[in-house]
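Enquirer: Got a structure for you, questions after.
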């Protein structure tokens, strides 16, 4: 594959026969070898491996959300890509705008909720993995308090914090979670500073919804355990990582490209999780056998549908009742989640 630098971005792809389906990807960060963008790029490679000379792929990396995103999506559409994946929440409105201007192009937006005749939305139930992490954290923490590095206070991230909290409380009802927001999906410096600040505040477990390995490396340096994010980060902190929520986008990308090729593509809005294989857990490491066994059992129960992390009784942070015993949160509520559950030690930014 030819890689060329264009206007500060990396443009991957080689010119091949015109009849190939050209598939474009817009990335929030660099593909690198870890994290959110890495997993999307691995899925792109899986797409090429699965469909071979039927497809040609292109990507633009380090595309900022907002006006830059709209320009980049438009650029990649003008380049002849007929299927375009925009892989960050903040690309939603720019994707909607560009989709209107290119009705013959199919657009797929990750983690959002807006759709159009030629635009789908796809998301993963990351919160399912967060619940498993919470269970592990409560078993492994000696202090009963974990630190959580938040990226941007959108519902997806708030879901994860709350699910982590609920998983921990299923083991230790008095468990608490401290949160620091860095207001960025990828900023190694801020992520490292947040991890240090949380450890200084007394946490002995670190988890994150940010894209770099900075936090887990700080945890390693400070001698506490941590969780990876989006991909398996074990090689960066082999004695520190307990597990990671791993995003497996490959099967979805292959399915959608096949649909374009055979003419069956339709706009949809999907939210898949462990059951569908979009969310997986990295190997459970650096923990006693009994904790590993409980983690495996929890993962299996979520995957089978036996366990729904958002099942009452659950109280909000302010002490009010959210869900009665046995009551389950519906997807619409989760997709608009803008509050903490009880036990989270933070004021949610508005």
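Think of each number as a place in line: the chain as shown, counted from 1.
Backbone N, Cα and C define each Cβ position, glycine as well.
So Swiss-Prot says this about it:
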type	residues	note
SIGNAL	1-17	signal peptide
BINDING	36, 185, 211	adenine binding site
Enquirer: If H, G and I count as helix, E and B as strand, and all else as coil, what does DSSP give for residue 36 (adenine binding site)?
Expert: helix
Enquirer: Can you count the other CB atoms that lie within 10 A of the CB of residue 185 (adenine binding site)?
Expert: 21
Enquirer: For the adenine site (36, 185, 211), what does the 8 A shell look like? I mean other same-chain residues with CB within 8 A of the CB centroid.
Expert: 28, 29, 35, 37, 88, 151, 186, 210, 212, 229, 230
Enquirer: If H, G and I count as helix, E and B as strand, and all else as coil, what does DSSP give for residue 211 (adenine binding site)?
Expert: coil
Enquirer: According to DSSP, folded down to helix, strand and coil, what is residue 185 (adenine binding site)?
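Expert: SS state of residue 185 (adenine binding site) = coil.
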Enquirer: Near residue 36 (adenine binding site), how many other Cβ atoms are within 10 Å of its Cβ?
Expert: 26
